[in-house]
Amino acid sequence: MAPSETAATSASSKRKAPAANGANGNGAMAPAERDAIETKYRDFFWTYTEEPHRTRRLAIIKAHPEVTKLCGYEPWTKYVVAGVVSLQIILAHLLRNTSFWSWQFWAVAYVFGATSNQNLFLAIHEISHNLAFRSPLANRLFAIFANLPIAVPYSASFRPYHLTHHKSLGVDGLDTDLPTAFEAVFLDSILGKAFFCTFQIFFYALRPMMVYRIPMTWVHLLNVAVQVTFDYALVSLLPTYFSVNSLLYLLLSSFLAGSLHPTAGHFIAEHYVYETITPTARDPTNNIPVPETFSYYGPLNFFTYNVGLHNEHHDFPAIPWTRLPALHKLANEFYADLPQHRSWTYVIWQFIFDEAIGMRCRVKRKQGGRVVGGGSAVAKVADWKEGEIEA
């Protein structure tokens, strides 16, 4: 979408125009359908339009049929993951006798540890799409290995929630990347947004379970068992090489990776609406698409599996990180005019201090989407096929 379709004259003006969501003969949403809080604060961008990525994917395939040759797993991924896991274990060893409260401990954790664990977060993201190995089982098991320096088991749970995010982008009650009504109300201030950015790793870890539960499988149990064994070994079984401080280093690295760290800017940059939306576009009955995915083409992609190319990733989740730049180059006419971020650090700064940007700046849908991997949520549209889940 060209920015001119939605941009207002002043990007810094306060978003005050309410969305027109009353029921009408065209099937517009009645206020009673929403939670009481969201009825009072109608600042989410509600829409009836289809998420844009499927439509653009079909258009790109039609214009460039050769794009499908970019799909498939990337053999280099396993070597990168092995290298980063090894680096974190070495640093955990070297810091075993360094005080947790020393500036050296925190400096290493922030510069090297957080960057490394953010890399592993996004390695698990990549692996969740079956892009490290040809075999789905090999990908599940390798994700557990990539999880080790993160120190908390999460790779098995991440996959179904993340694939549901793809299949149900913006769908209220299914896309757990969306802020809840509670967050939108109580974190809608500079202090609230600063708190969210500082502790966002906990929001992303706990929010999915508050929205809906996924069933426990043997992969989840194996993930927990392997991680607990690894953590216990660091603390108790290998006293010559590691200590409690080694585990604290890994935990601190994970926390900082999801806190006020440059690479953590991608969490906000990907789907929060940074465009100023006109009142006409805010009215969902007008069916004007609001830009809901933003890309970033800067140097931090080097550390993050090109996750900044996020429009490209959502358009073609089966294309691995090494080939996303080729997709952007091949279909540049589809991406050149899409809104993008220049800096993830500035994304965090602007999110906290710009009153026009906040927790409610997300596109939401009441209809569409499906749950991947089962769970307690009732999908708005059911019957996923196994091939679609693994796509």
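Using N, Cα and C of the backbone, Cβ positions are placed for all residues, glycine too.
Residues or ranges marked as domain 'Sphingolipid delta4-desaturase N-terminal' by TrEMBL: 39-77. Beyond the ends of the domain 'Sphingolipid delta4-desaturase N-terminal' (39-77), by six or more residues, the same chain brings 1, 15, 18-19, 21, 27-29, 31-32, 123, 126-127, 130-134, 169-170, 181, 184-185, 188, 273, 277, 282, 284-285, 287-290, 292-293, 305, 311, 314-316, 318-323, 326-327, 330-331, 333-334, 358, 360-368 to within a C-beta distance below 8 angstroms of the stretch.
Under the heading region 'Disordered', TrEMBL lists 1-31.
The transmembrane segment feature in TrEMBL is assigned to 76-95 (among others).
The annotation transmembrane segment is assigned in TrEMBL to 101-125 (among others). With a cut-off of 8 Å between Cβ atoms, the residues of this chain six or more beyond the transmembrane segment (101-125) that come close are 77, 80-81, 84-85, 87-88, 91, 95, 132, 143, 146-147, 149-150, 154-155, 158, 162, 245, 249-250, 252-254, 256-259, 261, 263-264, 303-305, 307.
Per TrEMBL, the feature transmembrane segment maps to 137-156 (among others). For the transmembrane segment (137-156), same-chain residues at least 6 beyond its ends with a Cβ under 8 Å from one of its own Cβ atoms are 78, 81, 84-85, 88-89, 92, 116-117, 120-121, 123-124, 127-128, 130-131, 205, 217, 219-220, 222-224, 226-228, 230-231, 247, 250-251, 253-254.
Summarising the annotation, TrEMBL assigns transmembrane segment to 184-206 (among others).
TrEMBL lists 218-242 (among others) with the feature transmembrane segment. If you look at the transmembrane segment (218-242), the same-chain residues 6 or more away from its ends with a CB under 8 A from one of its CBs are 92-93, 96, 140-141, 144, 147-148, 151-157, 250.
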Inset, instruction - Average the pLDDT scores across the domain 'Sphingolipid delta4-desaturase N-terminal' (39-77) and report the rounded value. - result: 89
Legend entry - Structural state census, the domain 'Sphingolipid delta4-desaturase N-terminal' (39-77) (DSSP three-state): 22 helix, 2 strand, 15 coil
